[in-house]
Structure formats: structure tokens, C-alpha cells
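Undergrad: Sharing a structure here in C-alpha cells format.
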Amino acid sequence: MEADWSETARLTLPGPSPNAPSTPITAFAFDTAQELLWTGNEYGRVTSFYGAELQKYTSFRGHASSTSRAVPGNAPVKQFLFCDKGVVSVSPRSVHCASRKGLTQWHLALPDMLDLRCMSFTGRGTDEVVVGGCQPNLYRISIEKGTVLETLSPSKPVLYTMMRRSGPYICAASHDGSIHLLDSKTLALVHKWNVYAGAINDMDARGDYLLTCGWAQHQYRGLGLERLIRVYDLKNLKPAAPVAFQQGAAFVRMHPKLSSTCIVTSQSGAIHSIDVQNPDVPSMRYAPTFDAQLTGLELMPSGKGFAMTDTNCQVVLWGSQTNMQFTEYSRPTEFADTPLASKQIDWRSEVPLNFIGMPYYREALLSGWPNSLVHEVGAPPVKLDPAVHATLRKTDYGMVGANPRTLRRYQVEDTRASLNSPGSLAPPKFLSEKPRDDNGAPDGERRLSEDIGKTLNSLAINGVSDPLAYYRPVEIKYSKFGIDDFDFRYYNKTRYSGLETHIVNSYANPLLQLYRFSNVTRNIALQHAARVCLNDNCLVCELGFLVDMLEKAQGQNCQATNLLKVLGKQRGAVPLGILEDHPTNMPLTAMIQTLNRFMLHKLEESYKLAAGSPVAIQAAFAMKGSSFIKCNTCHYLQEAKDQAWYSHDLVYPPKPAKNLPRSTTPPFTRLLQDSIHRQEQQRGWCMRCQGYKAITSRRAIYGTPDVLMINAAIQTPDARHLWATKNFLPREVGTINANGQVYCYDGQD
């Protein structure tokens, strides 16, 4: 505690409603990653404040209280923990995880959760928490999935009120005044101390020290706060010399930067900074409480200040006026975008109209003239040859020069012909512009093949036109009747509909068409779409709707907008870089192969969520088998894991050395067989050797799918050259699955 520390801010916690009085603060903590202070009240509402000014940041109800606003709530927030996913809070009947912006990530409320009080991270870091309280059961909860991994029911239940993790131990304070040391991985009891006759009021652990404050029996006065701070050595598992605190120690926190220093406060406002190894010279301060009592103490993760709460429902911030920082290396806090101020428009008569701009409109504009008023005007004048223009001389009535005699007498140049280049392909007419015969049918339809032939025949030998007119991108033209007036039948006269390419993520169109023309995928999607599915973001439903739309369109253009929107809402799509809204440097060939793997896994998840079992999807796409790992040193074979693979990336042979003769081109079936089994050598952990050794992994296949998904994975020039080899890809490929081995053959094999 520095000499210039003093009160810097004081804030009263808002009530549960705008007109309700303030409520007591039941839990509060400093964020470990951002400049935020989190508080919770008895109604389950979580509120965060930003910076040294305690500016209100977010507020949300994490836990439901069943009482009315006029009486105290029954869902007090007991503790906060922080991770990359957000903030985790616990109340007597539920555990809640939300992002720092207030969005709910998951919520757990089980029937046997009766009186939860505390929680702590386990030996797996911030990926798992253990939650306990004054009830028989303990729960292991996954932070990432928000599910209960394990429910622990000890033979002799212990009622825990507080938990703090330090090193390999979880220090848990019980309701009877004892301290239990639990193994952070197995949650087994390692050691126990009987500390107080009453309950433990506060506790903190950091490094090798555990400090406690509690209620002890006083002569003639009953239970009261003990005037000692109990100190325990976690390294040697034995008590250390206690530290005296005459005012009655109520709350204690270890300093995050000084390993043996702690901050102790009393209920009346006495604050001591004490070195546990040298407690004779404490640094003492006094906080004015204004007829209130302190109810809590929390230190900033940076060690540059602390916060206290009192019975007046207030948060008091202490620290240096010039150097206030919650965390030492904080991440930036995300705020709402500032609305842009509308600029002043100059309405003077000399200001051009295009400078002001046009607002959004729905009605037809006055400048939108109909086609009946459009007519041809005079031809543009002929441009003079620059050589002729250089020979002209000025006179009083104009410029005079010699006639170059390049044209015959009375012959003029057609300037309109230059506007239509011979290599251009004219777009089709709108349906409303086509002439109709007496029966009302369009007269004389144009064909794309005939127009391309005329364009190619009109090309000059030395011209600058592009002969690849057939491969140019098609640009959709709009008339006053909208897109329904465009003649799509000019480009596609078949009954097979195409997908439009002018929408986001349209690179996925070939993959979606592949799913549509795969009978197994088509049948599964259509059958699922015909059922009742309550999942708003179900990919199987959207695929079924898309297949049904393509089949009923009978050659008309379609869009995969709904499916691609649902794809963008899937968890994990953004980190993989498969969305064009979040551009990456990944080529489209790699993006569509990554999308194929992602889509198949998400189809399984959506189908399992609706049908309860992914058997149909796995039978259609999944290659089932086991993955074996063998140590090359001790030949220890680890336990096989049953897995399902939905797609296979082709594994190409390594490039031979320069001094070795060039090997023959491997057949496609051999590459496919090696890619399915995927025998690889790498370094990994051996359970028998207890170290990192060279290991060999291999797959054993026990079931083949109806549809085998193969990604070409062409990433090197050698792989591209292999695919360019004539007859490399066979017309048909067969497979035989026997004794965990898949045999691939083609042709006469």
C-alpha cells in the first residue's frame, strides 16, 4: 500500500428497477483481462463498471429470483471467475456464463442445485471449474461447452462456503470452520485443518501462503471476529505464525505482485498492509465508513489499488490518483459505435444537386423516363485524323487545310458502327421488349450458341477483341419490372436450375450442387425438411429447402441466401476463414475444401439435434474406424479410439531426392488407399516411456460410407502435375473392406 493511496471513487449500486432502491452487493471482483469491475446483487443481476471513474458498462440478469421486487431476492450472486469466453457467476441454484458484453454463453440450473456458494478453476486451467456449496454434490463444469462433466457425491458430504486455488491445491473453507485442501485435478482430500470454532469469514491463497479470517469464541461475549490472521504454509502443509490485528480481522487479500504481503481490513474501516514474514511494521490507514460497516475487499490484479463494499450498498475505490490501473496488461474494452453526426447541407442555388446526394426512396423518380420517350438523336461528328489536324492553318473564318483524299466524294463515315465493337456479345432482350405474334408468344427466340458464332465470325485477324466471349461473366440487367424481366432462359434452356453468384459466399455453389446431385444427400435432406424441426439454424433443413427449390424451379435461377446465412451463424465458421465477410488470404480451392469438412460435421450436429441420433448421416458420409498409435522405441500400442471421418485429404508421395531416379507415377487408387489409412510418423507422448518419442499413427477402417468425400488438396506443383497426367483419374473406383483394411482398385483389378 503506497503512501499516496486514498479514496478515488465511490459508487452506489443501482436497484433492480429504475425506481427501486439500491440493493446490497453480494459479490464483486476485478476482471483479470480488461479494465472492468464486476458486481452482483441478491436478485441475480450482474453489473460491470469501466475504468477508475466506474463508468457503467454492462448490466444483465444472470440468475432468476423468484421473489418480487418489494422483498429481498433469493438468487444472490456469490462469486465471479473470469476466462477468455467471458465471466462466470454462481448463485445458489444456477451457474451462468456470459460474454463481457452481456451475451449469454450458457446457463446451468439443475434440480439438485440447492445452495451453491463457491467455485474454482481446476488443474485444467480456465477450461474447467468445480462448483460446490452447502449441499452434498460437487460439479465439474466445462467452460467451453457449458455442460456438467462429472457430479461428485462424497460419502461424507462437506458444506463448502469458499474456494481459492493456489498451485496444485484448491483451498476450500467448510461451514464448520475447517479448511480442506483438495487436489486440483482429482478433487481428493489432501489435508485438513480445524481452524475456528465459528465460521470462516474470509480467506485468500496465493503462492505458498493461505490466510484466513474467522469467528472465534470470546470470553463473556460469545462469537466475534478473531484478532488474528491465521497463516498456513501450503508448501510444507503446516500452520505458520499468525499475524495480530487488534481491530478484528474481517477480510484479507494477498498482494498479486508481492508474494508475502497482504491487505487486511476490519468492519469499521481499519486497513493494514502487512508482510507475513515481517509483521511487526505494518502500514496502516483508515477508511471513513460513515456509520456503515465494510462487507468485502478485493485487490486489483495489477496491485495498484483495491475496492471495498459496505452496508450502504456502495463500492469504494482506493488507489493512487495518478496511477490507477486495474490490470497490468489489459485488453481493449469494446464499446458501442458512436453515432455519426449529420452534416450540414448547403442549399444555395449555385450548389450542384449531386453534391447534396439522394435519399433512399421507394417511389418512382421523376427522372425515371419510360422507354416510350427514349429516341435516337443525331450521330456524333466524325473525329479528324491527327495528321490532318496538324496541317490546318487559322484564318478569319476558321481553319483551312488540304484534303487528304482518303474518302471518295460524298462519302461519309458511319460513327455509330464504332460504338459496337465486333467482339462484344449483346445481352438478351428483356421479356417485356420481345415482340409477340398474334397468339401472344415471343417471336423468334435468340440462342446463345448462335450469338457466339456470329461474334466469333465477325472478329478481325488483327483485331483487339477477346475471342473468349463464351467465358465472360454474365451481368444481370434490370428493367423497370425488376429481375423477373430478365431472360434467364437465354443462358439455360435445361430443367436444371443454377445458383446466382452475386451474393456473399457464392463460391460454395459448386459444393451445394454436388450435394444436390448426390442421391443419398438429397434424400436425407428432403426427408429431414419434411419433418418438424425446432432448430432455427439447422443446416439439414436449409439444405433440404434448397434441394426442393432447385428441383421445383425447372431451370429458373435460384439463390442459396438462406442456407449461406445459416452457415455464417454456425459456431467456428469465422476462425476457419470460410466466410467472405471476414476475408483471409486463403485461396478459394482451400476454402471450399475446408467448407466441405465443416459442412459435413455441422450436418451431423444439426441432424443429431433434431433426430436424436446421427446414424443416418454417419452411414451416408462417415468412414468409421479406429486410430492406433504405436511407440517406435518401446513398441507400446496405445488404446485405440473409435472415430468417424467425413472427408479425406489426398496424401501425395514425397518428392524424391535429386540423386535418386524418378519414380513412376503412382495410381490414383494407391493414393486413395494411403490417404484413407493415413500412416504418419511424428513425435508424441508415450505412456510407457513417459516422454516424447517417435510414434506411428494409423487408421483401421471397419465401415465405409455410401458417399466417400475426397479433397484433392493440391498445394504443390508436383501434385498439380500429377493430376495433369493423362488417365491419372480412373473412370470407376472400387473398394473392399476386410479386417480393418480398405483395398481400392480400378479397371481390370
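Indices start at 1 and increase along the chain as displayed.
Positions of Cβ are set from backbone N, Cα and C atoms, glycine also.
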Undergrad: From the ranges 415-448, 653-686, grab the one TrEMBL calls region 'Disordered'.
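TA: Going through 415-448, 653-686 one by one, TrEMBL gives region 'Disordered' for 415-448.
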Undergrad: Looking at 1-20, 61-80, 261-280, 321-340, which stretch does TrEMBL describe as region 'Disordered'?
TA: 1-20
Undergrad: What else in the chain is close to the region 'Disordered' (1-20), if you only count residues 6 or more beyond its ends and a Cβ gap under 8 Å?
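TA: Those are 39, 41, 43, 45, 47, 49, 52-54, 59, 69, 73, 263, 271, 273, 283, 285, 287-288, 305, 312-322, 324, in sequence order.
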Undergrad: In the region 'Disordered' (1-20), how many residues does DSSP put in helix, strand and coil?
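TA: Summed over the region 'Disordered' (1-20), the classes give 0 helix, 7 strand, 13 coil.
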